[in-house]
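**Q** Sharing a structure, written as structure tokens. Questions coming.
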Amino acid sequence: GIYSPSDCIPRQHLAIIIPFRNREYQLKILLRHLHPFLQRQKRSYRIFVVEPFGNGTFNKGLIMNIAFNHASKISAPVFNCFMFHDVDLIPENDYNVYECDKHGPRHLAPAVDELRYFLMYNDLIGGVLAVTKHQFMKANGWSNLYWGWGFEDDDMNHRLRHAGYRVSRPPNSVGRYKMIRHEKQVPAFNRYEILSRWLRYSSDGIQQLSASIFRWDLTWLPLGYQQDYDSIMSIVVAKFLVSSLLLFGYTCQLCLTTVCTPSIYFNWFLIVTDCRYTYTYLLSSYTFAGGVLISLSWTVISLLHLVVHRFKS
């Protein structure tokens, strides 16, 4: 998809690179959220979904290098910010501005619901990373050697530090993301050995890229999702109604003797990812009365949504 605001002059032109394989459902969910999210921020952007050819072992770093190499050669517009975005992360907060920092790389996803909205370690840069072309080239891009899942982001962090950069982040309250659940992939068998060989940074990366684009398709995001979206919405809302009723009883049972915490309700709210609900910020610590009130309110809201969608169909 391509978009540029007509009522302002954008400060940056974003190339958003999404590495992808066999996750069509996650990709559709991400795009449905990402397009309106970026347009509310008045971003000028183009989304590049890059998928490896064939059924070989997945190499995320390699295909991101290929996509960067392709996007950086486009002249209309000239992209001055490159964002590497995982297909399973949905941004929750509009104040998490998608743009690059000229002073250094920016990690935009420090708080993911799967990790209870905490940064696991200070060197983590996975999920959503924004860099300028100069920053990316100075670090020599991603490694091309990680065949399998994992460690390409840790490797990139070492590269950026070796290039003299310090990665910045938004506060955890702003850089919040929902993760769409998926099966774990086969890890790279030699990832620890590769990560320990830091001297290879100058000889393994974007400047040593030998692969190229096999086929490039410009695809406009179709807007005719409404019929399918309504049917999906009805199913999800129905499931959510049942879950809300169960949650109401579960809340009463758990809160008779203890104080409710967000972790109790964590898994229940993952089922509404496809409905654009991002209300987990309501689930700060609360007592019995608050737990009962919120779960009962969601039950009523879910029932109303279900009635409306059934009436429309």
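Using the three backbone atoms N, Cα and C, a Cβ is placed for every residue, glycine included.
Feature table excerpt (TrEMBL):
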type     : residues : note
DOMAIN   : 1-101    : domain 'Galactosyltransferase N-terminal'
DOMAIN   : 106-183  : domain 'Galactosyltransferase C-terminal'
TRANSMEM : 240-266  : transmembrane segment
TRANSMEM : 286-308  : transmembrane segment
**Q** Mind looking up the mean pLDDT for the domain 'Galactosyltransferase C-terminal' (106-183) in the predicted model?
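**A** Averaging the confidence scores along the domain 'Galactosyltransferase C-terminal' (106-183) gives 93.
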**Q** Work out, from DSSP, the number of helix, strand and coil residues along the domain 'Galactosyltransferase C-terminal' (106-183).
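**A** Secondary-structure composition of the domain 'Galactosyltransferase C-terminal' (106-183): 20 helix, 14 strand, 44 coil.
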**Q** Under the DSSP assignment, what numbers of helix, strand and coil residues are found in the domain 'Galactosyltransferase N-terminal' (1-101)?
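**A** Summed over the domain 'Galactosyltransferase N-terminal' (1-101), the classes give 29 helix, 25 strand, 47 coil.
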